[in-house]
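This report concerns only the one structure given below.
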Amino acid sequence: MSRPLLAMAAAAIVVACCFAACPVGAGASAGGFYDNFVVKWGTDPDPDRRVEIVDGGRLVTITLNNVSGAGFQSRDAFLFGEFTMEMKLVPGDSAGTVTTFYLTSKDPTAVGDGHDEIDFEFLGNVSGEPYLMQTNVFAQGVGGREQRSYLWFDPTEDFHNYTILWNPLNIIFSVDGVPVRVFRNHDANGVPYLTRQAMKVHATIWDGDTWATRGGRVKIDWAHAPFVASYGTYAASACVSAAGNGDQDGAPSAFCCPGDAPSWMARRLGPDGERAVAWARDKYMVMDYCDDPWNLGRPAECDMDSLASAV
């Protein structure tokens, strides 16, 4: 049995072992903001409160000003799942700002690295110019897998859905239901994949003007502050860690999976999904790590992905 198939089998074992012990609703988003999330930073000092919970938790705004940014994270940690966040980005001159929706296993108090992470990052721009959407994947501390694309709409005018599907086979990034990127499991060929560490969901806004807009050449204009990003409906179906982010050697502890987990646990891109990714790449991508913008050599998974998508 190949390593990817072993990973799939292990995931199935997690579902079988934990399903009966799962409380009703485990792994599925339900309730308001405080049922799913905790504020991580951005509430003090009180006159500069930067996280606002509105309409009973159906809307959350997070603010960047010249004191600090802001962010919140999920109460639970997950191993595999499908996560969707509605977002409306900072309008007007947002140059230098970074607004995010991502998953990470990283513990800020931990020594060393080796974390897993899946990123949606939105890089602000001067008024009238389009946002860049950056996606990235870290596996066992190895990142540098950035892709940058424009969007086919103005993400500041209304809410749009951004989805991360993460299962033992692949990670699929989608925008309003349209797949725009896939990162496949090539662990059997020596490319690290995200199967051992639980991750929490995060949403943040912060000052990235050393790099975010035109490589850091365009800085934040604080005269336009405060910069406010809005988060709407959050939907998730995911396997929940019973004890934090994993045990000491990084292996996941017990997990409980929701009843609909089989609908996404083995999902891959079909022909329509492959065509959607190709469309987004051809029309809107402006930077791909596979083209090696840093002159570090072409990563092995890039050619493996080309072969996989051609099958």
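Glycine is treated like the rest: Cβ placed from N, Cα and C.
Taken from TrEMBL, the feature signal peptide applies to 1-20.
For the domain 'GH16' (39-231), the model gives a mean pLDDT of 92. For 39-231, the entry in TrEMBL reads domain 'GH16'.
Residues or ranges marked as active site, nucleophile by TrEMBL: Glu117. Using a 10 Å radius centred on the Cβ of Glu117 (active site, nucleophile) and all shown protein chains, the other Cβ atoms total 19.
Residue environment of Glu121 (active site, proton donor) contains 19 other Cβ atoms, counted within 10 Å of its Cβ in all protein chains. Summarising the annotation, TrEMBL assigns active site, proton donor to Glu121.
Residues annotated as N-linked glycosylation site in TrEMBL: Asn125.
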